[in-house]
Amino acid sequence: MAELPIPDLPPAHCSGRFTISTLLSVEEGGRGPYTATEGSSCDSVQPTHLSSSTLCSRTFGYNTVDVVPAYEHYANSKGVGDPRKGRPSLADLHSILKVTGACNSLPSSVGWFSLRSSSAGMVWPSPGVCALMASSPLSPQIRCMLNIWGVILYLRLPWITAQAGIALTWLIILMSVTVTTITGLSISAISTNGKVKSGGTYFLISRSLGPELGGSIGLIFAFANAVAVAMHTVGFAETVRDLLQEHNSLIVDPTNDIRIIGVITVTVLLGISLAGMEWEAKVTLTPAHILLLATAEKQAKGFFSYRADIFAQNFVPNWRGPEGSFFGLFSIFFPSATGILAGANISGDLKDPAVAIPKGTLMAIFWTTVSYLVLSATIGACVVRDASGSLNDSVAVGSPGCEGLACRFGWNFTACTQQQSCRYGLSNYYQVLMSMVSGFGPLITAGIFGATLSSALACLVSAPKVFQCLCKDQLYPLIGFFGKGYGRNSEPIRGYMLTYVIAVGFILIAELNAIAPIISNFFLCSYALINFSCFHASITNSPGWRPSFQYYSKWAALFGAAVSVVIMFLLTWWAALIAFGIVIFLLGYVLYKKPDVNWGSSMQASSYNMALNYSVGLSEVDEHIKNYRPQCLVLTGPPNFRPALVDFVGTFTKNLSLMLCGNVLIGPRKQKMPESRLMADGHTKWLTKRKIKAFYTDVVAEDLRSGVQMLIQAAGLGKMRPNILVLGYKRNWRTASPQSLEDYVGILHDAFDFKYGVCLMRMKEGLNVSQVLQAHGKWFWVARDAQRHGMCQPAPCPQTKVTHPLAPAVDPTTLASEHQASTIFQSEQGKKTIDIYWLFDDGGLTLLIPYLLGRKKRWGKCKIRVFVGGQINRMDEERKAIVSLLSKFRLGFHEVHILPDINQKPRPEHIKRFDELIAPFRLNDGFKDEATVNEMRQGCPWKISDEEVDKNRAKQCQPCSAGAALAWG
């Protein structure tokens, strides 16, 4: 590696192992595209320098034009074909060293990459938040545990234990844990497969499965989090209401008190959320509780400390009320397990989400599972199902008339049990943990307040963040209004307000048991898609799927997805149908609109796998005449130059067969290759916008004929190869240069030599509309080569002035977004007539293409007529024979006309006209000797000798007669 001189430069500021700095002309306030960001520091001891004009760097003691490996060079989400700054080619490096011997001659317009970090689309937290990232309240484990230890733990776990018994409660917990553990493993795998940005669960699913399913689950998940705000707030309000009720201080009545307290609470939480992440983290409390001994008052409410017989009685179920079923209780309990996504929801605020999310999520699942199992067993061993709460119900042990387990401990709850009027006990009192199991009630009250408020606050923050990420992706209309960010952290204030409105709406229900099943279905739907994302990414075998978290199984993920769907329908079948209906509707919308996003999803990998497998499988199948399809290689040049040719062929190949638009770029390879790479994507987008299902390909060649030969031989893949060459009629054949005319005719011969069918399309006004584009001020391609070879209109072809050999002809985005030229083949054809001149047995292609056109809706009303040659004295017999033949083809063509004049000897005026047409192309050698004729041919090898004219005179008669019969010319 040659050592290049480096000028003396001031120390650089950059990030990375090797120091890279920039010397540029002053632009954008003195900061060039390669300038390091302020405040960054250097690790290297010996600084080196890089500029966009010199692009020199010191690598391992040597100077080089290329750069050392760095993460920034690969950290992008663009597609493979997207425009970007590339690394230098060998030609660039050779030209630099060759011209000046230094690295200061590279044009400033050619760059490799930018080392300057861009914050577009990123939310950079304030220094206070950065400090909080490493602290426990913001860690995923604490977040998940706080959400799992929420309202269900304190207010519904005792009641579920009373209904289902300890055994089935454990089954409910373990079923939930099975789903959440598998989902946690899937989240861990997905989150460690690349960089996780803001958006949480929506980001994970959408970037894995693509916008089709990712967008729908983003809306559902954001809505579920908004409803979860209501659930946790109602739990808090219910606790406050019970405290007020104990002190006879109700505001209005028990139900309206929940509504009033809930609305006030969620309003305060909204204010805290708008205050910023620092406040949201500071008000997050950790719930705690202490199990102590019993008192007499607690015994009256059914608490008798640890008793084996109480445990035995509560071990079996005792169903009561409308929710008294296994899956009814499961639907109420399951929202407590939804907290496992709390860590993923703040992925944008984590310092290292790829490490924090797996570790925090799985640890939170483990510890909360242990706590739920222990608490349910503890509560079931201490509290009886029914108790009156009255101290007057104490009796002597063994008193007659006393029924129930409490009689053994000196309490008679028989009356309230028989009348079903007991206010206390596991089955009747939601505040068991607060007032009975805990030895210090205010501590449990603080735990309930902390758990419910922290969970509500976490959902209130995550829902707008997820929705904001969805809005920025612009997958759905009318929601972008809520995605606007404010302030340095781009806070979605409008999203907060929308979440607040949804939460208030569900708070007004004021019934926790009614809100919980709604959340269960939406979160189960999210879990199903998360697990399916992991399974789908694994099954596609994409090289890009390589998560650093290895402790997952694709089959376990598929099992988790299936179990989640089954549980959805077992819980509330109508809610499951609504959830899936929303997903399917949103999926259909995205499939229809096809948003312009490219996330490298597993759906793309799956499409590639399917296409590859089917293509390989198709190669193993022998061709059969019944499966013949016209697969067309269309010589369009730039497709937007000949839209009529594109539209006509696209009409009968759409959803039926292969269409390949071919373009030959004529000129030096080094000059044309950049143009080829740049334009290919633009032409493909143009075809997509025009709704033409076709491929675009181009080749660089020295002349048109050799380029077409390349296309004919190399186009296609396996059995998906063209078998028909379609090109426009050469209208200027009389005035075109002899070489271009010879190339054109040679292309037709080449197609037949390569076993291709040939279709020529001729329109009165021509096919090439490049001049129209020029007249309307549109951009146009470099068309010198097309003019040189006679592929344009008779008028001069438009020219493009190129100032730099690497300068692009046009930006691909401009090409795709330009106004689409309309053609006659895009409109309804009405009751027109399609005439088929089946003059020779050409294999049936002349009949097949009109038949395929007639199957299309816009051509369906057209009448089809078939013209064939025949003898004037046998017209009826020949017509019947052709009709019989066509009926065997099952084409539905019934109108047949016989052309008797086609086999007649041509008239003298027709022969004279033919001779006049070929006169410019004749050699006129006459009776000259062979040496003279050979000398004349050296300059014009394509000319026709008199001998060739005489030999083929018989062949010329029938075209002359056919031309006269068809009024050709």
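Our numbering is plain: 1 for the first residue shown, then up by one each step along the chain.
Every residue, even glycine, has its Cβ placed from backbone N, Cα and C.
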Matching range for TrEMBL feature annotation, transmembrane segment, among 141-166, 167-192: 167-192
Confidence summary for the domain 'Amino acid permease/ SLC12A' (141-633), mean pLDDT rounded: 80
Proximity verdict for the transmembrane segment (257-277) and the transmembrane segment (364-384), three or more C-beta pairs under 8 Å: no
Same-chain residues at least 6 beyond the ends of the transmembrane segment (167-192) whose Cβ lies under 8 Å from its Cβ atoms: 157, 160-161, 201, 204, 208, 315-317, 326, 329-330, 333-334, 336-337, 340-341, 344, 347, 353-355, 357-358, 361-362, 365, 369, 372-373, 376-377, 380, 524, 527, 530-531, 533-535, 537, 547-549, 551-553, 556-557, 559-560, 563-564, 567
Candidate ranges 326-344, 364-384, 443-463, 522-539 - greatest C-beta contact count to the transmembrane segment (213-237) (under 8 angstroms): 443-463
